[in-house]
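According to TrEMBL:
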- A:29-137: domain 'PurM-like N-terminal' (DOMAIN)
- A:31, A:76, A:207: Mg(2+) 3 binding site (BINDING)
- A:31, A:46, A:76: Mg(2+) 4 binding site (BINDING)
- A:47, A:48, A:121: Mg(2+) 1 binding site (BINDING)
- A:48, A:76: Mg(2+) 2 binding site (BINDING)
- A:55, A:258, A:305: substrate binding site (BINDING)
- A:120, A:121, A:146, A:209: ATP binding site (BINDING)
- A:152-271: domain 'PurM-like C-terminal' (DOMAIN)
- A:210: Mg(2+) 5 binding site (BINDING)
């Protein structure tokens, strides 16, 4: 690494982001960051990559893309019910200006959620990309998981679906003032909701990053159950159907992804506050995800985003 | 993420690498991996990126490049004196074949050092690249750091320098049967040596990834001291000078990098076993790194690898 790169790290990354956490003894500046985990707590760690032209359009602002990448990673912690304590970023950039822009986005996202940037690296690359690794804490043994749904649980959704996919369509069709475009610009990881759910005793949760159908399928497969979803229970369906048509709405909700809502299951007797989530279905014995519209079965295509299709 | 991508993760990454560690409760398969850190221990974490055409030649085997990337990251743990407990990898790949090849390299490196692959992701990218995040454990408060050298310490080197840079030169000049080319193929992170040094009470260490001069400079700057290095004390200098000439040898040793030797300082009274390291200089008051040849000062250029030059 060159002096120039150290200067970039000093000016774009070191001390950026949220306040330092008791979890971290030493952040950026050595071969590794040094941490002291809390007794009685588990750590959860997620690591995800975003690549220009693959995860975001080439004409999308790089700072916003980096902001989104950080928030998407934080959403994984929300799905586990964890509080974020540290973030490492790897910035791959075509030029110094891209490093600075992505650094700005990283810093902005971490400030909003008050998470400390503790390490990572930056390097030259023929394509702009960013990998984000996040760590969160939660009381020992309480992490929400995909494999803990029961066949008599209800299925709930916290947050909204479809906005990102509709915004992306509008962006790609150069409708830059489209109704949904602003949903592209910022992801809201539901960290507080995740912690709340975990504290209430919810055991099974996932964040909807790959479309409702695929992510519900992950719960079904991991928990060895089936899931039934009622489309008319989805939040905002009336408004969105009117705005873009039923087909586009269902496409965006079922396959769109990247809204980072939380999909979770809970025993029927567990009371979930209305402000936190809506009930959109139930688990059952069996396997797979079935979709209903006003009680009638719908035929839906089973697919998500194809990376190596 | 597509089913296809999950299949790739299942076949290339899940359960690959070393044995599972007590540190990890749940590895690949949820939104995040789940860990239970040991009481009385600190965690150290490092995250680094390697990009095809930047960190490795485009005609270099991708499996070996990924193996090297993992070992380079493990070397950061060696520099802290930590034992590796978990690795996350982000594989960015042009095609499925590249994912498989890089997955093979990751798995191979992790098996050699018995470290579990616990998470990460894989995605399509116009350029092959890999980011590796590693976590290691060590007793609370004992991590070796760059900023803990004292002005009356001696400077020691564990491992050898210059081989990688000479091998790379030969590779780039199509001397594929060159004497040093095989040093390109595998990095040996000095994990056991790092743990040994930390247990002996060494407080200041760095791994030489950016060339001796630059990495010694990091210790000097962070510890607010100066460092004097005697070139004739460097291991292998006679043989290498004869083989490639003095100029190429010094260039490779001072600026080459990527040999992942450990550079550390220790009080004069600390006895370091000859098999573990050689004394190559001493710390002093002041700042900067000075280089001597048989006691005579040498003029050397201060530079490392320029990422955004």
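Cβ atoms are placed via backbone N, Cα and C, with glycine included.
What you see is a predicted model, and the numbers here were worked out from it, not measured in a lab.
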Counts by DSSP class (helix H/G/I, strand E/B, coil) across the domain 'PurM-like C-terminal' (A:152-271):
58 helix, 23 strand, 39 coil
For the domain 'PurM-like N-terminal' (A:29-137), give the DSSP counts of helix residues, strand residues and coil residues.
36 helix, 45 strand, 28 coil
Cβ-based isolation winner (fewest other Cβ atoms within 10 Å) among the binding-site residues A:46, A:47, A:209:
A:209
Taking each of the binding-site residues A:31, A:48, A:76, A:207, A:210 in turn and counting other Cβ atoms within 10 Å of its Cβ, which one has the fewest?
A:210
So, in DSSP terms, is residue A:146 (ATP binding site) helix, strand, or coil?
helix
Using Cα positions only, nearest of the binding-site residues to residue A:47 (Mg(2+) 1 binding site) (A:31, A:76, A:146, A:207, A:258):
A:76
Grab the pLDDT values for the domain 'PurM-like C-terminal' (A:152-271) and give me their mean, rounded.
89
Any idea what the Cα distance is from residue A:55 (substrate binding site) over to residue A:209 (ATP binding site), rounded to a whole Å?
12
